[in-house]
Amino acid sequence: MKKPACLRSILSFALITRVLAFKWSSPVVGACLSFYKNYDFDCGAHSDYYVCLYGSQPFLGSILSCMDNGAKTSKERDETNELVMFYARQYGHRYTVDDLERFRANATKYMRTYLEASKIRIVNFPFTANEGLFEWNEDAEKQMEVFIKRDTVWLGWGLVWFWVVVIAWSTAVNINHRYIGIPVPRTVSQFCRKYITYPSTIKIAPTLFPTRLHTIIISAFVIQVVLSSSIGYGYHIASPYISSKYLVLNMLQHRSGGFSAVMLPILVLFGIRNNPLTYFSGFSFADYMVFHKVAAIIMTTEGLIHSIIWTIYIVCLQSNYTLWVKETSFVCGIIATVIACLMIFVSLKIFRNHAYEVFLVIHNCFSILFVVMIWIHVKHLAYNKWVWGMLSIWCIDRLTRMVRIIMSGGIQTLEVEICDAKVLKISFKKPRWFKYYHGSYLFVSFLTPWFTAWQFHPFTTISSPVEQDGTLTLYVKVMKGVTRRLSQLDFDENGKIKIRGMIEGPYGSPVRSCKVEENCVAVAGGLGITAVLPALYCRFLQDETVQTKTEKQAAKVLKTLTSDYAVTASLYWIINDIRYVKWLHSDLQYLANNGCKVVILLTRKQLTECDSSPHLEAAAYTIFHSECRPDIGLLVSSCVQEAFKTGNDISFYTCGSESFNNIISDKLSENIQVGCKVQLTHHAEAYVW
Ligand SMILES: Cc1cc2nc3c(=O)[nH]c(=O)nc-3n(C[C@H](O)[C@H](O)[C@H](O)COP(=O)(O)OP(=O)(O)OC[C@H]3O[C@@H](n4cnc5c(N)ncnc54)[C@H](O)[C@@H]3O)c2cc1C
């Protein structure tokens, strides 16, 4: 006899879903299974429904005979055999083809009709399927197969192709800009900078959409996801087993589950340190972190829709809730969705700002747990190739990180020196195998104290001409986590200590130095100085090598340098502690002596012994005291006005908080005049992701 309507509906829904999402599937098998699922082969009350079902001789005999009738060719018959063996294996029954033949032969002896089976509650004999119902269902299955295997797969690939197109376009622009030099009309580049790439989206608070360019890309992607999730739900053949409402929901859960899986490799690729795209696409690691967050939100939202639809069915099936809770794949899917939601929550900026270490632990542990859960959830489904993709990318990244650590010298000695209560200087031998170019950054794991060894923190290398050759230097601001613990170590009387650590790098693109014929303005807030110094050093090293340039280039440079308005290089450093100047004195002096205008804007006047130190008296740079924060916008505007007067192009290198960079970007976009002879360029670095 047939099962109650709700149970029937659920099992049909589950079955259609299961059959169609499996690695291989067949409308014949789907149609047969759907038909027989409506009968109770004495498994309804069994604690493990599917284990019981695939061990039931009447059930196996019935579906095998149904498949034999439905299969049009011997190849199709073999495929249906394979599929039945595969399903049975999932529930602990390891059948061979011979076993199936035996079941068939045995079943023919007891075969009855579906009319007889419909009259009794528990069916204990094999029976033939209703041919009309079978054909109807087979057509409905074929229709679903087109929806899942053609439409959803292609639309899923469409999401991948969206990023391929965006990255290809930005790579072309970047390669042309860096190496080929096909001239882009100045008005076009000025228009793009003024209205698209420089203005921040929301002026006051930096958000998930730092600039208009990010906003355009993200909005276009979200529109594509929404459209792709909403089209193609029209069906011509209704299912004989589930209502049209449930059929559409079933289609929707397939689409959302599929899209969630498609997002996995994209999500990981954008989030890894060794993202190869950063080397040529022109998007920085910080840009990819924005895309990583967007991919995570889309993946989780799709996963949530997928899980909610399944849960609706479970709620409908309250009496058989235990049946589902025992389904490992179902439980793992739900856990994966919950983990993804929690990961998004702890990644919120407010959380990261207040407890970065907690965020890091949770993010790392949950990522591993998520991968395990999602793998169990999809291991037998066609979607598992996306998980393989994600795992491969993740493994390659981990391997590359290990290679980088080994080639950077493995465990090595780091000399940590206290510059002042808030700044540490870390020096170590330059790695032999890797060149740490100007503007590169690296990750450091401090093995003292030992329990912080698992954390790798990014710092910018200063390849300073005033530092000892063969040494790399990092200036580190003492924050609340690892850096604070480092500052609390037992330093000797000279304020130094040697500790063990691991270096992983170099990362980041070489700094784009400004051309010799353009003005170079560096503006840094606090320790952001470490990011802008490499640009200035590059500039001066470049000037020193002017003689080695080709005659044509040299003539151009000479003309610029001897024009009425010589090009300039300036550094504006905004600090709130005069002691910063002390530890960077030699570098500042070097820049000032080489013709760079160095201006220190001290925002808090502190009369300490440093004020009268011999360093400052002999300084070739200027220090301005101010009781309040300087107006950076005004500073930028005045530099731009000067450039307009001289007619020189001008490049800004800035590093500070996100809002600091945004103010400068917005000011520059305001000042850009489309069609004007002077080109304004902004290279921004922020020490936050
Ligand atoms: C590309 C890059 C280059 C940097 N260069 C320098 C530099 O030259 N000098 C310098 O003083 N600082 C630099 N920073 C910032 C530096 O990484 C953090 O200040 C440092 O990791 C803080 O460690 P903490 O445990 O004491 O921080 P916490 O007090 O725990 O956190 C403070 C903030 O630091 C950031 N942060 C903490 N840990 C990490 C991490 N593992 N990865 C990324 N960000 C983290 C977070 O934004 C967090 O909100 C750089 C950051 C980036 C992204």
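Cβ atoms here come from the backbone N, Cα and C positions, even for glycine.
What TrEMBL says about this one:
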DOMAIN    392-513  domain 'FAD-binding FR-type'
SIGNAL    1-21  signal peptide
TRANSMEM  154-176  transmembrane segment
TRANSMEM  213-236  transmembrane segment
TRANSMEM  256-273  transmembrane segment
TRANSMEM  294-316  transmembrane segment
TRANSMEM  328-346  transmembrane segment
TRANSMEM  358-377  transmembrane segment
TRANSMEM  436-456  transmembrane segment
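Using a cut-off of 8 Å between Cβ atoms, the transmembrane segment (256-273) and the transmembrane segment (328-346) share fewer than three residue pairs, counting only pairs 6 or more apart in sequence. Here the domain 'FAD-binding FR-type' (392-513) has a mean pLDDT of 89 out of 100. Highest Cβ pair count under 8 Å relative to the transmembrane segment (294-316), across stretches 154-176, 213-236, 328-346: 328-346. Nonlocal intrachain contacts for the transmembrane segment (154-176), taken as residues 6+ away from its ends with a CB within less than 8 angstroms of a stretch CB, comprise 182, 184, 217, 220-221, 224-225, 228, 231-232, 255, 258-259, 261-263, 266, 277, 280-283, 291.
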